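Peer 1: Have a look at this one.
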Amino acid sequence: MAIAGVLFLLFLARQASAAGYGGWQSAHATFYGGGDASGTMGGACGYGNLYSQGYGTNTAALSTALFNDGAACGSCYELRCDNAGSSCLPGSITVTATNFCPPNYGLPSDDGGWCNPPRPHFDMAEPAFLHIAQYRAGIVPVSFRRVPCVKKGGVRFTVNGHSYFNLVLVTNVAGAGDVRSVSIKGSRTGWQPMSRNWGQNWQSNAFLDGQSLSFQVTASDGRTVTSNNVAHPGWQFGQTFEGGQF
């Protein structure tokens with residue numbers, strides 16, 4: 001078991017190196033959403049109920065400098081409290097980007113406008129923040145770095161919309177976590193690129209009713225996973241299907 005654990009850690013390290021995640025950087029962190037993180041549900045990535053989608057409470061909203069117009073949705077970051085004296089707690093926590101922290105140009109960036117460009121900032125779910133700092137701190141300096149996401153099961157595809165407007169929510173992405181591109185294929189069509197509608201909702205205007213559906217997902221590190229015929233021909237809008245994984 002010990003050898004298996006070491007091999008797994010080495011595998012993650014190789015993934016991080018291959019993706020070019022880089023080293024530690026400096027930012028600040030605050031918290032929102034309440035003690036049960038119920039206020040973090042929904043959000044600009046489109047994940048909806050973070051509990052049922054498997055993201056839980058280890059999540060964060062990213063400032064403009066990190067959010068990248070939604071392209072960063074699903075990426076994972078390791079954070080540790082940095083130089084905040086008695087407010088810091090030892091250790092680190094890994095969070096998934098699930099929301100956007102909007103700028104507040106009415107306040108200076110060092111006094112309330114924490115998410116103003118070009119500041120990197122994490123507005124963490126309260127339970128996640130309390131892993132690295134005390135509640136009374138309110139805001140703390142942190143060190144952060146991109147890390148590979150670890151997920152259970154395969155990439156999930158929730159097919160919403162209607163005929164000629166297929167809106168597919170892509171969730172539970174391991175590895176890089178974020179998604180660069182998605183393609184869709186019906187059993188009677190070829191591969192067709194989808195466009196990012198918002199967050200991790202991807203759009204196709206093709207008529208695909210009554211066809212089995214396949215998906216091809218490419219992450220920001222260039223790796224691609226193809227999930228063939230994951231949705232049977234009788235699929236209905238609102239259903240979720242599980243494919244392969246990175």
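Placed from the backbone N, Cα and C atoms, the Cβ positions cover glycine too.
Just so it is clear, the model here is predicted, and its values are computed rather than measured.
In case it's useful when we look at the structure, here is the feature table from Swiss-Prot:
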DISULFID  CYS45-CYS73  disulfide bond
DISULFID  CYS76-CYS149  disulfide bond
DISULFID  CYS81-CYS88  disulfide bond
DOMAIN    42-154  domain 'Expansin-like EG45'
DOMAIN    164-243  domain 'Expansin-like CBD'
SIGNAL    1-18  signal peptide
Peer 1: Measure from the Cβ of CYS73 (disulfide bond) and count the other Cβ atoms within 10 Å, all protein chains considered.
Peer 2: 30
Peer 1: How many whole Å apart are the CA atoms of CYS88 (disulfide bond) and CYS45 (disulfide bond)?
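Peer 2: A Cα-Cα distance of 29 Å.
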Peer 1: How many other Cβ atoms sit within 10 Å of the Cβ of CYS149 (disulfide bond)?
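Peer 2: The answer is 22 other Cβ atoms.
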Peer 1: For the disulfide-bonded residues listed here (CYS45, CYS76, CYS81, CYS88), which one has the lowest count of neighbouring CB atoms within 10 Å of its own CB?
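Peer 2: CYS88, out of the disulfide-bonded residues CYS45, CYS76, CYS81, CYS88, has the fewest neighbouring Cβ atoms within 10 Å.
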Peer 1: For CYS81 (disulfide bond) and CYS73 (disulfide bond), determine the Cα separation and express it in whole Å.
Peer 2: 23
